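A.B. asks: Input: one structure, supplied below.
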Amino acid sequence: MMKFPMRYLIVILTFICTSVCYIERVGFSIAYTVAADAAGVNQSSKGMILSTFYYGYACSQVPGGWAAQKIGGRRILLCSFILWSLTCAFVPLDPNRVAVLVIARLLVGVAQGFIFPSIHTVLAQWVPPHERSRSVSLTTSGMYLGAAMGMLLLPTLVKFQGPQSVFVTEASLGAFWSLLWLKYARDPPRSENAKAAAAGFGESLLPVRGAQKAKVENGGTSVRTGTIPWKKIIMSLPVWAIVVNNFTFHYALYVLMNWLPTYFEQGLQLSLQDMGSSKMMPYFNMFIFSNVGGVLADHLITQRILSVTRTRKVINTVGFIVASIALMALPFFRTSSGAVFCSSVALGFLALGRAGFAVNHMDIAPRYAGIVMGVSNTAGTLAGIVGVDLTGRLLEASKASYSDISSPGSWNTVFMIPGILCILSSFGFLMFSTGERIFD
């Protein structure tokens, strides 16, 4: 009987990890929206609470990459999960206790900020270069499956058990995953394959004391230091190409994730409970397209149809341009099926684009994948802060012009902004990105 490869188990566990994280994020927006609307909280205040998570999340991205690099992604991942799960378990969901909610969301944000840099560090250690696109795509597609499951099941849970039940469910899922990770996750062995080792596969990424000699296959030695090339990372145009696209991707994703419940309920006058399974389709589409993008990218590269650089650029451009069209068209679809279709196309093609920019960390800097991911995800998180809060302010301002937020005009600017950002950032990626390794 063939032994199940450890790297596949690691990828499956990180997939479950991202699923649970996004059940938490979608779950909070659903539960808080219900509780806040019942308490008469205005749109601007809702935007402030919904965006608080991203302040904490932004603060811990680069420290998360550094900690994963120095202490090990496996350990940091476990600690982060335990922290946010405990926070969910013990915090009451009361819209009138603003200070408690703000502190809780900041804590959850800080804890989850360590997760994705740690995952990228772990995957860079375990996954060989020719499997990276589909491995990263599968792992990140867990976010969308989690969001889809959250949208499908949690409104019903809120209806019958109340908003607080969402927190209890999320904490239980977090505890369950922590036990799985504790039992099965391992640090990788050093790679014996010279080509794989040269690409950063099998590196421990743990601190190196002084100048440590590393054996290479020909019997010679090379000197490796533990210094992280911060200046080179910050000054690199290919890194900035990833950063800008990460900002745009997350601006669109976080605005839709946090405000789609409000768009359906108040913009289109629909009930989330009555929409059935259709409300999960935008996120389920992301799950499908993310994996399609990963498999397609690996196929183009391994079959030598396109270079790594061209593969990343083509997939990123197609994904972002189609998404921009769908985003700008969204407020003109006034039926349930039309809005679900349009948001599904937008989010699906954004997810396809992740096989471009989001895997590129490992192409250009496999040894520092967690660090580059931390820098890049900080920008993505700032997009959450700006986008989620700005959307609340735009909708509150629209009330003055349209008396409520059920007219298409109230939502035009909300969806136009990410649509334009998609076009601009995709051109930036076309011009400045590369699939070649640029950091030793």
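Glycine too: its Cβ is placed from the backbone N, Cα and C atoms.
Keep in mind the model is a prediction, meaning the values are calculated, not measured.
What TrEMBL records for this protein is below:
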DOMAIN    1-437  domain 'Major facilitator superfamily (MFS) profile'
TRANSMEM  75-93  transmembrane segment
TRANSMEM  99-124  transmembrane segment
TRANSMEM  136-158  transmembrane segment
TRANSMEM  239-260  transmembrane segment
TRANSMEM  280-302  transmembrane segment
TRANSMEM  314-332  transmembrane segment
TRANSMEM  338-357  transmembrane segment
TRANSMEM  369-390  transmembrane segment
TRANSMEM  410-432  transmembrane segment
A.B. asks: When you check the transmembrane segment (314-332) against the transmembrane segment (136-158), do you get at least 3 Cβ pairs under 8 Å, counting only pairs 6 or more apart in sequence?
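C.D. replies: These two segments do not touch.
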A.B. asks: Are the transmembrane segment (239-260) and the transmembrane segment (75-93) close, by which I mean at least 3 Cβ pairs under 8 Å that are 6+ residues apart in sequence?
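C.D. replies: Counting Cβ pairs under 8 Å, fewer than 3, so no.
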A.B. asks: How about long-range neighbours of the transmembrane segment (75-93): same chain, 6 or more residues beyond its ends, C-beta under 8 Å?
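C.D. replies: Non-local partners: 17, 24, 31-32, 35, 64, 67-68, 100-101, 104, 107-108, 110-115, 118-119, 122, 163-164, 166-168, 170-171, 173-175, 177-178, 181-182, 185.
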A.B. asks: Could you pull the average pLDDT for the domain 'Major facilitator superfamily (MFS) profile' (1-437)?
C.D. replies: 85
A.B. asks: Among 99-124, 280-302, 338-357, 369-390, 410-432, which stretch has the highest count of C-beta pairs below 8 Å with the transmembrane segment (136-158)?
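C.D. replies: By the under-8 Å Cβ criterion, the transmembrane segment (136-158) pairs most with 280-302.
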A.B. asks: Between 280-302, 338-357, 369-390, 410-432, who has the most Cβ pairs under 8 Å to the transmembrane segment (99-124)?
C.D. replies: 369-390
A.B. asks: Which one of these stretches, 280-302, 338-357, 410-432, has the most C-beta pairs shorter than 8 Å to the transmembrane segment (369-390)?
C.D. replies: 410-432
